[in-house]
Amino acid sequence: MTTHAVATPVPVPVSIPVRQILPYALFVGIISLIALYFVGAEQGALAVFDGTYVHELVHDARHLLGFPCH
Amino acid sequence: MPLSETGTDRAATSAALDVRSLLVWGLLAGLLGGVLAFGFAEAFGEPSVDTAISLEEQGGAAEHSHDDGAAAGHSHGEEGAEEEVVSRSFQSTGGLAIGTVVYGLGLGGLFGLAFAFAYGRLGTASPRGTAVAVLGIGYTAVVLVPFLTYPANPPAVGRGETIGERTGLFFGMVGISLVLALVAVFVGRKLAQRLDGWTAVLVAGLGYLVLVTVAAKLLPDFQEVPDGFPGATLWEFRIASLGTSAVLWAGIGIGFAALLHRGLTRAR
């Protein structure tokens, strides 16, 4: 069996079952999207928190990453 | 860590992957991409942002409104009586770094997830090949096409009254482009069963381009560059913006591919 493995030059890609990815996808997906939202849009057209601090803090990154800023 | 079945030849040949390692590599790659994007933006983006802000303060951009909605109290520093929430010098250094790194981490996590779904589902692409495919499809769908539809604007460009509309349409365009790209990938996979891989990818890619162009042309556009705003500054800013995203995505994609390869070969 091991010799067979060595003889195979290209590894056969085996996909990860969707069932296995889904819990991670939900958790990390939501947290990641929140991170992107705060850099890309918070206190611009939309706002979760009052004030302008988040907007001002990430102002330059928001412009340069291509998001509408103001 | 990446191989739960170390020792069995199946694990060794099929390069079995677990989602947790992919996410860790995604976040590390995201950190790398964010730091690199910060360096690029600081060097090539900030000069045009500074120019645009000084033009804005001279009142050269009368259309830009400081008095409405969320933009009220918007400060770029040195605006006299207006209170400065974050100093301009911090905005262009620490603030930029925080923004790019947080964004890089978020995108890195999503990249790891996208890879987890893509691996083994894009023909016989190798792990690194799959990472590069995710990078290319992702950058085109999420950055390039939305940018070409609604280009990035420096300070002083864009009217305050339309920020809601512009934000909605920008994210809408990202969504449309991403959905069409995913449809193209699924269609391409189906076609590959009947045609050869080359033709399948070509047809799916062309289909995406046609549909996304139609969508972009149907959406409203905004011509809000104030009179007298220098074209050179606008060009410099937009190229720097595209470059910042390119560096960010390339850092994530290539960093991820390198970590993946290292993880897979070391475990073997």
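Any Cβ shown, glycine's included, is placed from N, Cα and C.
Listed features, source TrEMBL:
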TRANSMEM  B:21-41  transmembrane segment
REGION    B:58-85  region 'Disordered'
COMPBIAS  B:63-79  compositional bias 'Basic and acidic residues'
TRANSMEM  B:96-119  transmembrane segment
TRANSMEM  B:131-149  transmembrane segment
TRANSMEM  B:169-188  transmembrane segment
TRANSMEM  B:200-219  transmembrane segment
TRANSMEM  B:239-260  transmembrane segment
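Proximity of distant same-chain residues to the transmembrane segment (B:169-188), defined by a Cβ-Cβ separation under 8 Å and at least 6 residues beyond the stretch ends, is recorded for 122, 137, 140-142, 145-146, 149-150, 200-201, 203-205, 207-208, 211-212, 215-216, 219-220. Counting Cβ pairs closer than 8 Å and at least 6 residues apart in sequence, the transmembrane segment (B:131-149) and the transmembrane segment (B:21-41) reach fewer than three and form no contact.
Packing against the transmembrane segment (B:21-41) from elsewhere in the chain are residues 1-2, 96-97, 100-113, 115-116, 240, 243-245, 247-256, 259-260, 263: each is 6 or more residues past its ends and has a CB under 8 Å from a CB in it.
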